[in-house]
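Take a look at the structure set out below.
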Amino acid sequence: YLVNPAAYAALGAYMFLLILIGFPVNFLTLYVTIEHKKLRTPLNYILLNLAVANLFMVLGGFTTTMYTSMHGYFVLGRLGCNLEGFFATMGGEIALWSLVVLAIERWIVVCKPISNFRFTEDHAIMGLAFTWVMALSCAVPPLVGWSRYIPEGMQCSCGVDYYTRAEGFNNESFVIYMFIVHFLTPLIIISFCYGRLLCAVKEAAAAQQESETTQRAEREVSRMVVMMVISFLMCWLPYASVAWYIFCNQGSEFGPIFMTLPAFFAKSSAIYNPLIYICMNKQFRHCMI
């Protein structure tokens, strides 16, 4: 054991709790949306994509981590590490790029930079394809030799190798690529879209250009998406910051808890988005009941 055995027991219990909550709420989101025709809107396609991403993390990542934490180290070997790292990275990236597509959709619908533009089913499907392509471009390279997945923190789950300059893996270039393309770029796009969105909502309220009902509906959707973005960032910013710090200080001593806490806090994002969706979407709640 790298740390006190009680820490592994606590980790296993935490992962069990995430599975216990994460699987039903994400499955419920999928089931209710597919069952009720009126919920099958282009916007909800992206929200469904988020639920699929979360199920990736729950089924492919959380179950593995719960099992390995019972043993006190990653017992599933190289193949298991690759699979767990892939599913966790894939789920997190699909969720992040889904939030980017949602932010762009909100910007186009509310701010109307393109006159007479409607966000249709075709646009939603293109958005879905885009999220998967971007997620794969982040999760696949470590499987084929550009960086690698290794056990991290308490050695119960696997992630990208921020820790070493292992020969032949080009870890440095991959980590820089990952931070610029798969972290900073989405953050900049989301920040731009919501900056414009806030201005547009204020201007529309002042000018009373649209009916009160339309404005209220758009505000509710925008509020829900903003909450999803904030909760996602609260979960993932600590992990990204610690990973970058470790990458910039390779060779220094880091305790196993140092990376484990933010990594497992990040995993809780799999339950936040569906809960926000269920709590803040009246139409969904009515269909669920």
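Yeah, the Cβs are placed from backbone N, Cα and C, and that goes for glycine too.
Membrane topology as recorded by Swiss-Prot puts Glu35 and Gln283 together on one face.
Looking up Cys81 in Swiss-Prot gives a disulphide bond to a cysteine among Cys156, Cys158, Cys193, Cys199, identified as Cys158.
Segment contact is absent for the transmembrane segment (8-32) and the transmembrane segment (124-144), given fewer than three CB pairs below 8 angstroms at sequence separation of 6 or more. In this view, the densest Cβ surroundings among the disulfide-bonded residues Cys81, Cys158 belong to Cys158, judged by other Cβ atoms lying within 10 Å. Between the CA atoms of Lys267 (N6-(retinylidene)lysine) and Cys158 (disulfide bond) there is a gap of 12 Å, rounded to the nearest whole number.
Across the structure, Asn171 (N-linked glycosylation site) and Cys158 (disulfide bond) place their CA atoms 15 angstrom apart.
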